[in-house]
Amino acid sequence: MIRLIFLGAPGTGKGTISSYLKEQHGFFHISSGDLFRFYAKEEKTALAEEIKSYINNGLYVPDELTNRTVADFYHKNQSQDKIIFDGYPRTLNQCEYIDEIIKFTHVILLQPTDWDMIINRLSLRRSCPQCKRIYNINSVDFKPKVANLCDLCKVELIHRKDDDPSVVSTRINVYNEQTKPVIEYYKKKNLLHVVDANKSFEELYKLVLEIVNK
């Protein structure tokens with residue numbers, strides 16, 4: 001049984017690698033951002049209404065509610081053999097909470113050596129609003145087959161506002177400051193594996209597979 005956490009700032013490749021692990025190796029993918037959107041849209045529960053009250057008002061979802069949401073979704077899907085957590089945990093409080101529920105097997109930190117490359121990668125990123133598949137319009141391997149259309153859903157791709165270069169630097173700085181304690185937490189538990197996020201996707205994917213298959 002594999003319980004994997006991906007850590008890394010925006011643009012380091014967490015979502016793309018997670019998608020490939022899901023499609024090619026049967027991993028179940030839990031993304032905190034997607035979870036909030038799912039609960040707010042699909043679920044008809046008190047928990048969903050609570051999440052909706054924050055999202056609809058543009059407010060940050062507090063740790064306590066994030067923890068309950070992830071735990072609720074995990075309990076409904078814990079029979080899955082291989083699960084990826086992407087974007088969670090992001091704070092020390094979240095780490096301590098979820099470690100009482102789940103025994104993680106691997107924590108992979110995608111850490112760039114060149115941040116300018118990451119900022120450029122994000123500025124070229126496009127995503128499908130339906131299936132969440134990620135594309136890069138300047139990459140031979142990751143651009144859509146038909147310009148600006150998702151290969152799977154055939155809907156128009158979007159460029160998220162928070163992927164604009166003017167916003168990306170702030171997102172990266174906030175993420176790095178926020179996750180320093182998380183990185184130290186899993187380092188002390190001897191679960192942390194650090195991978196250079198500036199490597200090509202093929203190299204990154206190969207390294208990740210080597211880690212999870214140990």
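Using N, Cα and C of the backbone, Cβ positions are placed for all residues, glycine too.
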Annotated range (Swiss-Prot: region 'LID') out of 84-123, 124-163: 124-163
Same-site residue for ATP (record: Swiss-Prot; known: Gly11, Thr12, Gly13, Lys14, Gly15, Thr16, Arg125, Ile134, Tyr135; options: Lys199, Lys206, Lys214): Lys199
Those binding-site residues of Gly11, Gly13, Ser32, Tyr88, Tyr135 having Cα within 10 angstroms of Cys150 (Zn(2+) binding site): Tyr135
Residue with minimal Cβ packing [other Cβ atoms within 10 Å] among the binding-site residues Leu59, Cys150: Leu59
Close in space, distant in sequence - Arg160 (AMP binding site), Cβ under 8 Å, 6 or more apart: Arg125, Ser127
